Amino acid sequence: MFGIFFEEINHAGAGGLWAELVSNRGFEAGGPNTPSNIDPWLIIGDESSIIVGTDRTSCFTRNPIALRMEVLCDSKRTNACPSGGVGVYNPGYWGMNIEKGKVYKVSMHIRSSDAVSLTVSLTSSDGRQKLAAHTITGSKNSFAKWTKIEFNLKSRQNNTNSRLQLTSSKSGVIWFDQVSVMPLDTYMGHGFRKDLSLMLANLKPQFLKFPGGNYAMGNYLRNAFRWSETVGPWEERPGHFNDAWGYWTDDGLGFFEFLQLAEDLGASPVWVVNDGASLNEEVSTATIASLVKDVVDGIEFARGGPKTPWGSVRAAMGHPEPFKLDYVSIGNQECWMLYYRGNYQKFFSAIKAAYPEVNIISSCDRSTISPSNPADLYDVHVYTSSSNMFSRTSMFDNTARSAPKAIVSEYAVTGSDAGKGTLVAALAEAAFLIGLERNSDVVEMASCAPLFVNDNDRRWSPGAIVFNSWQHYGCPNYWMLHFFKDSSGAALHPTTIQISDYDQLVASAITLQNAKDKSSYLRIKVVNFGNRAVDLNMSVVGLANGIKNSGSKQTVLTSSSPLDENSFQQPEKVVPVSSPSANVKPQMGVSVRPYSLTSFDLLLEASKHASI
């Protein structure tokens, strides 16, 4: 039921979840015309000692741009280089977080027609603090052809605002390409930043939808996410400009990596495919066939055997067993576009012919689904104010109880009281999710959007998790999701609230089993969206063996103000607080605080059907 939706927005992947520390590692971000902008790379030295620019001499055909560094000074007294040499540095994504004792794998391709003496180092942002260094040397012939160099650097100190330096005090010309620095300590060893990945794992997501909405489309088709250009060796991936959100991505976080992340999280992958539409262009149904084939090929990459054409590419990347890709979403809320319905039917027919068990998600609403325009699920996006989101707890109450079911793949409170992630926004979203729980017979999945916000690049706010190069915290809506992480697979029970002159309460009840000790609980969740504390008389009926009088707990998400937010300075200002519950009975009085989400976890002697 409850999962996560990842979009490459707010530098969520590049400079975030994907642990690569070098920004613009292949020098492609400036475009195909050379010399080009090499941002964020900068020189160490000045024009009298070094000339740096790009040319098209790379050994990689799909990303031909390389960096040419000509060192004009030398170690000789008449034309001596500055102390430490000259060269280039990369600050990463608003500073590299380098930790004492941690090991970082450095990879690069270099070429030179001269003898080489090059120092590769991790330093502070001003270059004065040396954290780790390695010197590459070679004769005139050693690097006459492009050569891949790999080595590890172990940091001697901590610095959250570090940079990578490539420096020399020897005159000559050196070319660089595909310069990478990756921490060895990543989530599951698969290249994901560990602290951010654990934030996701702690939600126990049942699915991972990727690679995004607008990111999958692009403002223009030339900048859409092309899955086949994001697989294979990372050095050979061309990367692309994320024009939907205004920054370059080298596609180290590609189709394979998304599938791997889903597997590592124990989540079902949900692939959003580009269906021939961008925000400003679309391919006609008459000419869509090649894009349809491309998507079917992508499914083969994920699901095919290791000897199939695309399955063999996956196997060569170290994953011979197929990924369990069971959901494909055709486009991103594009039903209004001219060719969507005609194109959708082409995709549906081709995918079902090759992989009949794959569930296909339509971007059109439920009213358009018919035998002639079939779908396994239909996508729903909800972005609205907190008050309207609270009212949508009944959004699916009157939906016909027949297929297809909905996937609410993007929902969020936006507007003036959303801030950078407020308590009141989280409570409104909690009420909405309770409504989805109660309608889980017609709603298959739900995920918030966006998931991540890099504090240095807030293109869209709020998100669930905020981070920079070395810190992170969960917004109130992230912690709200913890109240729902055990709902998937639980049994839902009917609930009724009767209180006069107060319509700000929403509740649900489920029975669940603790995965660790196999104990069964009745979890009653109550959202109080108003400014009144409420005393309730709670009555539980229909339990076969009753509630144990000990072992229960109460968990509350609230704060002193509905507009309170978390921050780097106060990361736990708004977080759930749990306490044991004493004298628990089938009938008892409980108190619900104003502007709060409360969970009553009642330990059961046996898990049976109940009503509240």
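Heads up, residue numbers simply count up from 1 along the chain you see.
Each residue, glycine too, has its Cβ placed from N, Cα and C.
Predicted automatically and left uncurated, TrEMBL annotations should be read as such.
Residues or ranges marked as domain 'Alpha-L-arabinofuranosidase C-terminal' in TrEMBL: 409-596.
For 550-569, the entry in TrEMBL reads region 'Disordered'. Residues 417, 419-424, 426-427, 430, 455, 466, 468, 471, 473-476, 479-480, 483, 519, 521, 531, 575-582, 584, 590, 593-603 of the same chain lie 6 or more positions beyond the ends of the region 'Disordered' (550-569) yet place their CB under 8 Å from a CB of it.
The domain 'Alpha-L-arabinofuranosidase C-terminal' (409-596) scores a mean pLDDT of 94 in the predicted structure.
Within the region 'Disordered' (550-569), the DSSP-based counts of helix, strand and coil residues read 0 helix, 7 strand, 13 coil.
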